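Data first, discussion second: the structure below is written as structure tokens.
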């Protein structure tokens, strides 16, 4: 069946839209992809919503605080606009699409407190597009005692089920997460490994006003302060066994505050590489290769540091004729189809749930 997946990640770049054909098992055919950037005004509102959400004891729309209301309206509207434009440009009628997988925008992820919060009105999206929508993918997992993340390991398995195993798929978004893939769908281990683009973006934004370090050019001119990398790696998270997950706010740029822009970028990039390397020690067997998706694969300096730290092949997912910018959006299309068929999307070794379980709320049309 045809399904659309929507993703707006913690980097707050915009809305990614992907179209795939899948049966919710091994059959997956990515078909098309487009990205719709948020405006600077949208990004500012979403950042403030994230800041406020992290001060709360639980998800709660406070009547006198309009910021999160406004943020949810922005997220919903931008996703509606993106889907309608995508359908039009691809000459697709809404009847052709079985389901939309709508991740929403994470504004706080606190599995330690028993909750996670993705804003965006799935019912409104379904009504506006006249296509059934699956949203709220993470809550069921967290309520069952899981981490609620990462959720894409089963999609990574579908993409590489016929490849030589074991291998690992590394997604470099705001946060980095890794999936170790063994022989079958029950042989998956996954976790967040640490910050990826998020801290570097924050550093570059604070120092230059730019949104990110394009191609890792700033970092390439800097010197890595290994003592600071070691200090950041001493945090408890990095010695914890998977499954484990992070909120983008769990780490800050304070550790590199006294460095030059170049040295700070280099040190934070090395921190990402070292945290990924550390994660390999948790797997039962060293993977034969690391396949990289997500925006971080465009960072030449990060990819080189990963190769140097991991001492194994580190290949962009494009080497396998896939689009690394589309992988997350494709994944939520795939998860939506699995939800329609009531198939599990999270597993004990990927999120820590007690047994394989499905997730997501369906808004039927």
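Each residue, glycine too, has its Cβ placed from N, Cα and C.
Marked as ATP binding site by Swiss-Prot on the basis of sequence analysis: 9, 10, 11, 12, 13, 14, 15, 16.
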Check your understanding: Which of the three DSSP-derived classes (helix, strand, coil) applies to residue 14 (ATP binding site)?
Key -> strand
Check your understanding: According to DSSP, which kind of secondary structure is residue 9 (ATP binding site) found in, if we only use helix, strand and coil?
Key -> coil
Practice item. May I ask which residues of the same chain, at least 6 positions away in sequence, place their Cβ under 8 angstroms from the Cβ of residue 13 (ATP binding site)? Key: 35, 37, 38, 211, 295
Exercise for review: Pick the one among the binding-site residues 9, 14 whose Cβ has the fewest other Cβ atoms within 10 Å in this structure.
Suggested key: 14
Check your understanding: Out of 12, 15, which of the binding-site residues is least crowded by other Cβ atoms within 10 Å?
Key -> 12
Practice item. Check the binding-site residues 10, 11 for other C-beta atoms within 10 angstroms of each C-beta and report the one with the most. Key: 10
Practice item. Count the other Cβ atoms sitting within 10 Å of the Cβ of residue 16 (ATP binding site), across every protein chain shown. Key: 23
